[in-house]
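> Attaching a single structure in C-alpha cells format; questions to follow.
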Amino acid sequence: MAAVAVAVREDSGSGMKAELSARPGAGGKEMTQEEKLQLRKEKKQQKKKRKEEKGTDVDTASAVSAAQCPGPAREAPGPGSQSSTPGEKVPAGRTKAELRAERRAKQEAERALKQARKGEQGGPPPQASPSTAGEAPAGGKRLTEHTQADDPTLLRRLVRKSERQQVPTRKDYGSKVSLFSHLPQYSRQNSLTQYMSIPSSVIHPAMVRLGLQYSQGLISGSNARCIALLRALQQVIQDYTTPPNEELSRDLVNKLKPYICFLTQCRPLSASMYNAIKFLNKEITGVSSTKREEEAKAELQAAADRYVQEKIVLAAQAILRFASKKISNGDVILVYGCSSLVSRILQEAWSEGRKFRVVVVDSRPRLEGRHMLRFLVRAGVPASYLLIPAASYVLPEVSKVLLGAHALLANGSVMSRVGTAQLALVARAHNVPVLVCCETYKFCERVQTDAFVSNELDDPDDLQCERGDHVALANWQSHPSLRLLNLVYDVTPPELVDLVITELGMIPCSSVPVVLRVKSSDQ
C-alpha cells in the first residue's frame, strides 16, 4: 500500500497554504473516498493558483473572448471575484447577492463593448428597447375600432370604402376641442340625404328613414335604438330577393354592409346594436343553402323577434323582480336622466304598494330627466327635479342611487350618459350605494378606462341657450378661439358601482368577463 505523503508548502505570492496529495503507485490499492475528495480539492486549488498568478492578463483575455463569443458571457474569477464552483466558499464580508450583481454588471459591460465594436464595423449599434408582453410588434398594424377623424390616411380609406358601397359620408362641422379631435363631429345641419337620390340609391328606404331618426334624435336610448334597428332589418329581409347563382347566406350579409355603414355615418352604433347585428349575421350565415328563400326569410324574421323578446322584454321583466327587492318603504331614490328600464322599475315598485320618493337629476342640453319626471308624475310617484350641479346638496338624504347604462365594458366600467361618473363619485363621498340596471345584451368585450379614446360628439349647436329673443352662443363659429364640446357618454370606474342588476341576477362589476365568457360559450 502506497503511503499518502502530505506536503505542506507555502505560496510566496499569496501566503496561502495548500495541501498536496501524492497519487498512489500503480501497484497499490485503490484510493479511498476521502483520498479522492482530497485529490479533487487539490486540483481546484492548483487551478485557482495558476489563474491568480496570471493576474490582470487573465481578466483582459476573458473580457475579449466574452465579447467575441455569441453565447452568454462567462466570467473568469480573479482575486476579487467568486468562482462558480460549488466547493468554494463565499468570501467574508460579501454576500452572494452582491457577487451576482457584480457579475451581472460585468456581463452588461462586456455586451456594451461588443455592441460598440459592431457599431464601429458596420454602422450604429441597434438601440435596445425593453419589450413588454402587452406591446405589439413594430411591424404590426394597430386595428382601431373607430375611425380616427384626425388621421388623413384613415379618412381617405373610409371615403373610398363609402364610395364603393355608394354611401354618403358626413363632413365635419365646426372646430373641435383638441383633446377630442380624433372623434367625428356630428351636426344636424349637415344632412346626409341632401344630395341622395332615394330611387337610385342602394340604401333601403327603411334604413334611410331609421338613419334620419337617429341623427335627429327622434329615437334615443339603447333599447329603443336596438329595437328600431331590428325592425328595419326585418323590413329589409322581407324585401330581399336572392340574385341568380347566389346564396342567401352570403349575399344578404354583403347587402347589409352598406346599410350598417350608412347608419354609422348618421350616428355611431351603440354596443347593444353591435351585438344585435352580430347575432343576426350569425343567423344569416347559418341558413342552409337547400332551404327555400321564403322559409329562410321567415326564420330570420322570427329570430329577430325572438332576440327582442328574450334579450330586451323578458330581460327587463327579470330585472324588475330583482330590483324591486332593493326598494323599501321610506327610501329616497336618486335617478339620472331618463332610462326606460329604471322608469319601469320605479313604476312597478310603486304599483306593488311600496312608499318611496324619487329625486330626478337632469343636465343640459338634452334634459332627458323631464321625460322621467313626466312618467313618474303620471304614475303618482312623489318626485322632485333638479339639475346636476345641485346633486351634492340632496345626497345626504338619499338612500340609494339607481342608474341605467349604455354599455358595460369587459373591465367592469359602466358607459352611460355624461354626468353619470360625477354622480357616482359624489354618491361614494356620501356613502350612498350606487346600483346600475343593465341587460346582459349590452355587455361588450371592449375595454375602456376613460371617455377620451372612444366616445360620441353630439351637435355643438345644442349648447346654445335661448333666453327670450336672445340666443347665447348664436355666432360661436365666428370666433376662431371658441370651441364647443357636447360629449354624449362618460365612463364610470367599477370601484364606484356597488351592484349591477341584470336578468341573471345581482352581480358585481368584476363578474362582467364571466358573463361574456358564458355567453360566448352558449353561442
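From the backbone N, Cα and C atoms, a Cβ is placed for every residue, glycine too.
Positions annotated as compositional bias 'Basic and acidic residues' by Swiss-Prot: 31-40, 95-120. Among the features that Swiss-Prot reports, compositional bias 'Basic residues' is placed at 41-51. The N-acetylalanine annotation in Swiss-Prot covers Ala2. As annotated by Swiss-Prot, phosphoserine applies to Ser12, Ser129, with the evidence given as similarity to another entry. Positions annotated as phosphothreonine by Swiss-Prot: Thr85. What Swiss-Prot lists as region 'Disordered' is 1-154.
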> Treating G and I as helix alongside H, and B as strand alongside E, what does DSSP give for the compositional bias 'Basic residues' (41-51) in helix, strand and coil?
11 helix, 0 strand, 0 coil
> Per DSSP, what is the residue count of the compositional bias 'Basic and acidic residues' (95-120) in each of helix, strand and coil?
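So the compositional bias 'Basic and acidic residues' (95-120) is made up of 25 helix, 0 strand, 1 coil.
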> By DSSP, how many residues in the compositional bias 'Basic and acidic residues' (31-40) are helix, how many strand, and how many coil?
8 helix, 0 strand, 2 coil
